[in-house]
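Working notes, beginning with the structure itself.
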Amino acid sequence: MALPMVGLLLLLLLGGPGAAITIPPEYGAHDFLQPPELTEEPPEQLVVFPSDDIVLKCVATGNPPVQYRWSREDQPFVPEEHGGVSVVPGSGTLVINATLAARLQGRFRCFATNALGTAVSPEANVIAENTPQWPKEKVTPVEVEEGDPVVLPCDPPESAVPPKIYWLNSDIVHIAQDERVSMGQDGNLYFSNAMVGDSHPDYICHAHFLGPRTIIQKEPLDLRVAPSNAVRSRRPRLLLPRDPQTTTIALRGGSVVLECIAEGLPTPWVRWRRLNGPLLPGGVGNFNKTLRLWGVTESDDGEYECVAENGRGTARGTHSVTVEAAPYWVRRPQSGVFGPGETARLDCEVGGKPRPQIQWSINGVPIEAAGAERRWLRGGALVLPELRPNDSAVLQCEARNRHGPLLANAFLHVVELPLRMLTADEQRYEVVENQTVFLHCRTFGAPAPNVEWLTPTLEPALQDDRSFVFTNGSLRVSAVRGGDGGVYTCMAQNAHSNGSLTALLEVRAPTRISAPPRSATAKKGETVTFHCGATFDPAVTPGELRWLRGGQPLPDDPRYSVAAEMTVSNVDYGDEGTIQCRASTPLDSAEAEAQLRVVGRPPSRDLQVMEVDEHRVRLSWTPGDDHNSPIEKFVVEEEEEREDLQRGFGAADVPGQPWTPPLPLSPYGRFPFRVVAVNAYGRGEHHAPSAPIETPPAAPERNPGGVHGEGNETGNLVITWEPLPPQAWNAPWARYRVQWRPLEEPGGGGPSGGFPWAESTVDAPPVVVGGLPPFSPFQIRVQAVNGAGKGPEATPGVGHSGEDLPLVYPENVGVELLNSSTVRVRWTLGGGPKELRGRLRGFRVLYWRLGWVGERSRRQAPPDPPQIPQSPAEDPPPFPPVALTVGGDARGALLGGLRPWSRYQLRVLVFNGRGDGPPSEPIAFETPEGVPGPPEELRVERLDDTALSVVERRTFKRSITGYVLRYQQVEPGSALPGGSVLRDPQCDLRGLNARSRYRLALPSTPRERPALQTVGSTKPEPPSPLWSRFGVGGRGGFHGAAVEFGAAQEDDVEFEVQFMNKSTDEPWRTSGRANSSLRRYRLEGLRPGTAYRVQFVGRNRSGENVAFWESEVQTNGTVVPQPGGGVCTKGWFIGFVSSVVLLLLILLILCFIKRSKGGKYSVKDKEDTQVDSEARPMKDETFGEYRSLESEAEKGSASGSGAGSGVGSPGRGPCAAGSEDSLAGYGGSGDVQFNEDGSFIGQYRGPGAGPGSSGPASPCAGPPLD
């Protein structure tokens, strides 16, 4: 197809003496003449049916306008001469009515003509067909036996366009196809072997004709398959192709289908192969029965074989494919515009098989008939020399072989045009020294103009060897100098006209790099910076400085930052290379470069096993990049893998060579290896481990360590050891052979090797051996064994059987008094090691206090003291002893913290790992008298309105003879100061004035310090200061009463509301709890018409319940009698209540009698009953630590004695009755009891009860002391 005339590109006529020209758009030739050029052509073949019109398109462009004409069967065809034939206005498209289609079918061609030539269209072959129909035929049933092949024919009507074939049944359901049943390319339905289930009366072949859009169907075929009792299998036989050797023609660029359909029983399977080369995949279809070749090329030429197999035999068919080609373009003739006198050459090179015949025509007339003046053919090309304006024409090149024609139109246009300067005048050019500059002078004219350049000195430019003028008029000046600047002149002319233009050349200084960057070496992960400076010609702006890496722009990476310098942070090996600094202007650029060298740790790869046996391996590997630092060594790491173990990699250093000497391997292991390269910058990264190397099991190479033998019970021996780790087993499992034998012969004859070894094989420790004499030495050893054998011979160790209680006790026990609270005890150990029956662990000193020096024997002992070791038929100690433990082989100890002026006894015993031995004989000693301490605390609490409780505590160092307590009422008009001599550190002062305050003082005896003073009061404390701000009122209802009260806004106090029936003797009952912030409370459950007393009860700081408001409330209504039969009227209930009241009355009487009764007490005895709790080892001795032998019984005694002795607690007796632990709650020790030994007997009465006092006189009270 020809190119448009305006804007046609300049094309070279290859091998020709001339070249076509293109009129530039800016030349302005708007009315330029154009030869005809076809834009729409009729198809090569057109098939029409009775209802279709024949439409043959033919449209062309040209100036002057184009005229159209047609030919039919190479004869002129005039549409106007045929009724029903017309031409579309404005084009050459031919329309033939459908009624004339059958009569006017044939070969048509279109011609488009104007003053410059004639363009010819390809031939269009018009075929008129009738509507396809199947001829009437008589269809007979197809009858076959089971297993026979069947072919159901289709035979559709013939057509220029083959139809698509479908096989369906009468329900319009497709016949299922598979390896046994399939449709061939001819439309027939093939059965490789018939089955009884194939019997159907309605096999219908449908043909779909795409042109007329019609589907027709064949008469149904009745297939009847008779069952057979003797179905025999048979070898395959080809149904298609019918000839075992078939030749197929395939056209280049098209597709071809090769087909093989076979019959046989069982159903054959088809496969394909190419005999003269490989078979490309993807072309097999239709259950392997077809092979399709797409986009056929000459390489597909050859033989293809199909093979049908079914186990009974083989059938083969060969397809010989010959590839041919319709004509196709190798070099197509091109249209062109030429000037007068030029030579034109039009090439027409066509390929095809068979080789096509080429025919040249001029304006649709064969060249032979058009005359040969100034035209000749050369190698298929048409050459036209010395062109003249009247040589303009349209030339046709048509190629043809048996597969069809190929036609191309190319016009030849000869024109004459005056000269026109296309480049603007006075253009300005800038260039840098030593560069090349191009000064343009574009011109156009036909014939082509001649161009000449003049320098600023008006000399021809071509006189300078540095200048060159191109055919398009441009001047090139190379290696420009500073003096080359100035105004240049271009002059052009052709046969019709001439013209000129000027160009200004300015020469600039080059751009230079003033401070080039320096190469750098950086370690991976560091930051590196490059600096660069440049100078620019001041007349050239702007100048730009850019950074590149390897000639490419810097990557889009935040690690690269560019400002006055370039910085690369966290450098990696990929950053290594050439760094360029480029300074550029619109005219030139300068560049300097530096090398970035990144160093780091080297990698290694491709680990391979060179040689391996049971106990060693040799490895090799490929060293990786050394990252600019030579590899110093390789570290070979080995890992052992087992099902029950996986330990980390162990390492071995290898010098620089990439292989290892033999490396040892442990038995029964899987050993992956990896290699790490090392250079001056450290170890490289690990590569993937190698495939594990497995070694067979072997006997253990070592025995377990930590073998120890020791008894944990008398007469046994427990042998333990540290089990081998799994990696030392050398096998899937390991056991232990444990052996033992006595170290000495019976009778102590010394070591002997005559004893046989006893042994036991176990999986894990321990091994326990029983029935042995106590603490006897044994030789023991443990050997590892596994399925491959025994470990090395084990070295025996020594162990001992279990210990027994010692039979020996300390002798020569003596006591040395050091001061009133410390003594030194010494002893020796009797007997020998055999009597010790174990390892000596230490000694225990057991001691206890008997009482004060000089007092009589105790009358009673603490209940159930804990048992201590003692000699037979010997009485136990009176108090639980205190134990001092001394570790090791000691021969003495210090006993400190003893009570002065006291009698003590002690015993010493030895102990081993099993326990304590028998104690020594008891040794008695006495401590000298000590110094009393001052009183430490005096506490006073109110008991009731006329009594106070007094508690005194001090640290005693000797026997106390008494206490002097002074007290005085502090209110105005009070009585004189009173006093009392106390024999007990706790007592009650009774008969005091009610609601009075007293000052009490307790001086020490002798008076080393001022007296200890305090203040007490018999006045009860109010519950809270807010009660004085209460305002209370009440009103009664029928079954309840509402009580309203007011208090300060910030008060939030809870209290109890109590009530009682005023007309009965019932006690106060609690209704509930109220809160001062609620301002009201409602009493519920009252009887109508009844008067009640109501009071509020709060708790003061001493914990007492105190009533702070009382009033009366009257409910409304009358009393309604309750119906009889209630529980309260039952006789059994009245009797039960009476019994409870009687028991409570008896208990109250007994308590009153006990509270009023006086008694005797002995301060001395109470002090004797205390166990000294301050005994502890002295810091200047090294005999060990104390261990108390007091049992839970002692704790229970202490807790029991304190249960009823708290101040103000229920059941508290008078001072004379004894209160053993009355100070225990105040932080004192248990030794706080005071009893007199008979020197003070009876009760002491005070100065007399006050006016408001009541109750019995205090037993603590005595004559007043002034």
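Using the three backbone atoms N, Cα and C, a Cβ is placed for every residue, glycine included.
Here the structure is a predicted model, which means the values were calculated and not measured.
Feature annotations, courtesy of Swiss-Prot:
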- 862-881: compositional bias 'Pro residues' (COMPBIAS)
- 1163-1195: compositional bias 'Basic and acidic residues' (COMPBIAS)
- CYS58-CYS110: disulfide bond (DISULFID)
- CYS154-CYS205: disulfide bond (DISULFID)
- CYS260-CYS306: disulfide bond (DISULFID)
- CYS348-CYS397: disulfide bond (DISULFID)
- CYS441-CYS490: disulfide bond (DISULFID)
- CYS532-CYS581: disulfide bond (DISULFID)
- 36-128: domain 'Ig-like C2-type 1' (DOMAIN)
- 135-221: domain 'Ig-like C2-type 2' (DOMAIN)
- 236-322: domain 'Ig-like C2-type 3' (DOMAIN)
- 327-413: domain 'Ig-like C2-type 4' (DOMAIN)
- 418-506: domain 'Ig-like C2-type 5' (DOMAIN)
- 510-597: domain 'Ig-like C2-type 6' (DOMAIN)
- 603-698: domain 'Fibronectin type-III 1' (DOMAIN)
- 700-804: domain 'Fibronectin type-III 2' (DOMAIN)
- 809-930: domain 'Fibronectin type-III 3' (DOMAIN)
- 934-1021: domain 'Fibronectin type-III 4' (DOMAIN)
- 1022-1118: domain 'Fibronectin type-III 5' (DOMAIN)
- ASN97: N-linked glycosylation site (CARBOHYD)
- ASN288: N-linked glycosylation site (CARBOHYD)
- ASN390: N-linked glycosylation site (CARBOHYD)
- ASN434: N-linked glycosylation site (CARBOHYD)
- ASN472: N-linked glycosylation site (CARBOHYD)
- ASN498: N-linked glycosylation site (CARBOHYD)
- ASN712: N-linked glycosylation site (CARBOHYD)
- ASN819: N-linked glycosylation site (CARBOHYD)
- ASN1061: N-linked glycosylation site (CARBOHYD)
- ASN1075: N-linked glycosylation site (CARBOHYD)
- ASN1100: N-linked glycosylation site (CARBOHYD)
- ASN1116: N-linked glycosylation site (CARBOHYD)
- 685-710: region 'Disordered' (REGION)
- 857-882: region 'Disordered' (REGION)
- 1004-1025: region 'Disordered' (REGION)
- 1163-1266: region 'Disordered' (REGION)
- 1-20: signal peptide (SIGNAL)
- 21-1130: topological domain 'Extracellular' (TOPO_DOM)
- 1154-1266: topological domain 'Cytoplasmic' (TOPO_DOM)
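The stretches the domain 'Ig-like C2-type 1' (36-128) and the domain 'Ig-like C2-type 4' (327-413) are in mutual contact, each linked to the other by at least three Cβ pairs under 8 Å (pairs 6 or more apart in sequence).
Just going by CB pairs under 8 A, the stretch in 236-322, 418-506, 510-597 that sits most against the domain 'Ig-like C2-type 2' (135-221) is 236-322. Of all Cβ atoms in the shown protein chains, 24 besides its own fall within 10 Å of the Cβ of CYS397 (disulfide bond).
Within 10 Å of the C-beta of CYS154 (disulfide bond) there are 22 other C-beta atoms, taking all protein chains into account.
The DSSP breakdown of the domain 'Ig-like C2-type 4' (327-413), given as helix, strand and coil counts, is 7 helix, 50 strand, 30 coil. Fewest other C-beta atoms within 10 Å: among the glycosylation sites ASN472, ASN819, that description fits ASN819. A gap of 16 Å separates the Cα atoms of CYS110 (disulfide bond) and CYS397 (disulfide bond).
A distance of 19 Å separates the Cα atom of CYS397 (disulfide bond) from that of CYS58 (disulfide bond). Here the Cα atom of ASN434 (N-linked glycosylation site) is found 21 Å from that of CYS581 (disulfide bond). Of all the Cβ atoms in the protein chains shown, 14 others lie within 10 Å of the Cβ of ASN97 (N-linked glycosylation site). Across the region 'Disordered' (685-710), DSSP classifies residues as 0 helix, 9 strand, 17 coil.
ASN712 (N-linked glycosylation site) sits 117 Å from ASN472 (N-linked glycosylation site), taking the Cα positions as reference. Proximity to ASN472 (N-linked glycosylation site), defined by a C-alpha to C-alpha distance within 10 angstroms, is shown by the following recorded positions from CYS260, ASN390, CYS441: CYS441.
CYS110 (disulfide bond) falls within a strand when secondary structure is assigned with DSSP. CYS306 (disulfide bond) sits 50 Å from ASN97 (N-linked glycosylation site), taking the CA atoms of both as reference points.
Under DSSP, CYS154 (disulfide bond) is assigned to coil, being neither helix nor strand in the three-state scheme.
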